[in-house]
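Peer 1: Structure incoming, see below.
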């Protein structure tokens, strides 16, 4: 799963990417510093792994990972090719979720592409470009299948055509495709359209370090939060430049610094976690003497499908799964004790996996 970091030029996208990955993606004070998307895999910090490793008596821990992509700054007119817009929009099509960075700080030394700080206007500029690009896509679908849907009597084509018209109506009203109420089957039917405005989204408000003492005093942030609260969108306040510096600290130094601001978690960890769960994902664990590992699965997947994440043969040859909840594993003091206490249960292939399940898969030879 991948999340693309988007926003106008010079809002802090590449600095955020550098903070997430400690890679040096070029970050300069002019538009289009990033052209080819930078990509990096980051680990999902999960304190449960360390607990499991102690109980399983192993020192090797393999955390779950999440991929972030630094996509070049979009500008007004991107949907018509302005500022290499077609290339950048194509990069967004390849990600599963969007992290939209919005500038909420004043700094005369950092150029704003519109020469003013207006987070709502910035947000709407990007969202409108995604909507306009989607409108072109939906028009192409309507033109491609319209006649066949009317003349062939094909039920699937007729349904797809009807959905396209419904989505188009929303887009023409400058509403995102996310706002269209669709059934799960309908979502599957239009997945190939790769609509940009249908992707789940998280907004990041980029603040100054001084704002962290009282975030609500930042009027730009306050205005943006009130705007996004109306649509129940996620907004994470982050001082991107500070997070970049913090990412170089040792863990104990980071904790001490965060404590000064009464924070228990860095903005980056919060962003990584929320990006992960935004995509409706969970984690199960395998724990043994060799390693403790976190495996990512889509909520709703069954035991056989989750076994297939480890190796495709495991799904094909699945026999059963021995499952212990994380809580029972810890309360009992490990696998052996959980088994002796009757907390380990056998499940067939149709068992729906839960977040935190500790699993041992049995497969046919």
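Positions of Cβ are set from backbone N, Cα and C atoms, glycine also.
Quick paste from TrEMBL:
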DOMAIN    1-258  domain 'OBG-type G'
BINDING   10, 11, 12, 13, 14, 15  ATP binding site
DOMAIN    280-363  domain 'TGS'
Peer 1: In terms of DSSP three-state secondary structure, what is the assignment for residue 10 (ATP binding site)?
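Peer 2: Reduced to three states, the DSSP call for residue 10 (ATP binding site) is coil.
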Peer 1: In the structure shown, with every protein chain counted, which of the binding-site residues 10, 14, 15 has the densest set of Cβ atoms within 10 angstroms of its Cβ?
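Peer 2: That would be 14, with the most Cβ atoms nearby.
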Peer 1: Inside 10 Å of the Cβ of residue 12 (ATP binding site), count up the other Cβ atoms and send me the figure.
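Peer 2: The Cβ of residue 12 (ATP binding site) has 27 Cβ neighbours within 10 Å.
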Peer 1: For residue 15 (ATP binding site), which DSSP three-state class applies?
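Peer 2: In the DSSP reduction, residue 15 (ATP binding site) maps to helix.
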Peer 1: Pop the mean pLDDT for the domain 'TGS' (280-363) in here, whole number is fine.
Peer 2: 96
Peer 1: Within a 10 Å radius of its Cβ, which of these binding-site residues (11, 13) has the fewest neighbouring Cβ atoms?
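Peer 2: Sparsest of the binding-site residues 11, 13 by Cβ contacts within 10 Å: 11.
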